[in-house]
Amino acid sequence: MQVQWYPGHMTKAKRMMQENIKLVDLIIELVDARAPISSRNPDIDTLGAGKSRLILLNKADLAEEHWNSRWIEHFKEKGILAVKVNSKKGGGIKSIQGVIQEACKEKMERDRKRGILNRPVRAMVAGIPNVGKSTFINSLAGKACTKTGNKPGVTRGKQWIRLNRQVELLDTPGILWPKFEDQRIGLCLAMIGSIKEEVLNLEELAAHAVSFLNREYPGMLEDKYGTSRCEDPYEALAAIAQSRNCLLKGGEADIEKAALLFLDDFRNGRLGRLTLERPVKEEIE
Ligand code: GDP
């Protein structure tokens, strides 16, 4: 299945990102907790060289708790501090300021030794589209804080959100681009709803998601829709159509409607918490 991308916008995004990255000490990288590999950007390690780093497993409420913890351990083993958050409901947000300071500990220590005191750490949020960057910034900004900068004649353009005396956050997130060339990643992002719907064959995508559930979460589909197990994903979609009354005029199953309904349930956690990618060594290296 071909997944189409939108690299046009990404060129501009990349330029902005490169510009903004120069201004900050810390990159707060948001990934989707359900797919922390596919939702990461391949170039972030190069782009962020020399900067402090923090990974947020966002939408942690939609992923399995057990795997969230495993991912946190996994990133820790790679030397990157990672924490889980639910930006929508504010879960984990309160403790974020402490975590940010923790991530910048070395930088602050270096400053102190050089006699630089009271210079706030500057941070930016980055991530691929739809991982929850704006939701996170709003959630954090709602808890703090006064905006700084942009006073007439003083600063132009950039707005900083003052989280506390030690930390300032750039109010616009850096948009990163996904790994365009890998179809597996495209599918994974499509399943979690990070790619525009119009460019996808929804039935094929839904069939793919059904197969994933049959393999990794046996029984989940049947529990949700009261259907019996079908190995063939299209038959499973037809059964969902019957059970949810998605029927065409002649009483035939409306697979397209069922696919839409099912994908919406899948993406929004109504089937249960789902982790699509698990930490496996060879996938990461
Ligand atoms: P951005 O493109 O990275 O800025 O993403 P947005 O902030 O616009 O969020 C994309 C979608 O994800 C929105 O529908 C949000 O409500 C939703 N979202 C963001 N964070 C979370 C979260 O932690 N949990 C859940 N369940 N949904 C979230």
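Glycine is treated like the rest: Cβ placed from N, Cα and C.
Please treat TrEMBL annotations as automatic predictions, because they have not gone through curation.
From a predicted model like this one, the values you see are computed outputs, not experimental measurements.
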Checklist entry - Taking GLY98, GLY115, GLY174, GLY186 as the options, which does TrEMBL list with ASN58, LYS59, ALA60, ASP61, ASN86, SER87, ASN130, VAL131, GLY132, LYS133, SER134, THR135 at the GTP site? => result GLY174
Checklist entry - How does the model score the domain 'CP-type G' (10-178) in terms of mean pLDDT? => result 87
Next on the checklist: Taking ligand 1 as the reference and 6 angstroms as the Cβ limit (strictly under), which binding-site residues among ASN58, SER134, GLY174 are close?
Outcome noted: ASN58, SER134
Checklist entry - Within 10 angstroms of the C-beta of ALA60 (GTP binding site), what count of other C-beta atoms is obtained when all protein chains are considered? => result 24
Checklist outcome for this item: Neighbour count check, CB within 10 A, over binding-site residues ASN58, ASN86, ASN130, SER134; minimum at SER134
Next on the checklist: For ASN86 (GTP binding site), which of the three DSSP-derived states applies: helix, strand, or coil?
Outcome noted: strand
Checklist entry - Counting all other Cβ atoms within 10 Å across every protein chain shown, which of the binding-site residues GLY132, GLY174 scores highest? => result GLY174
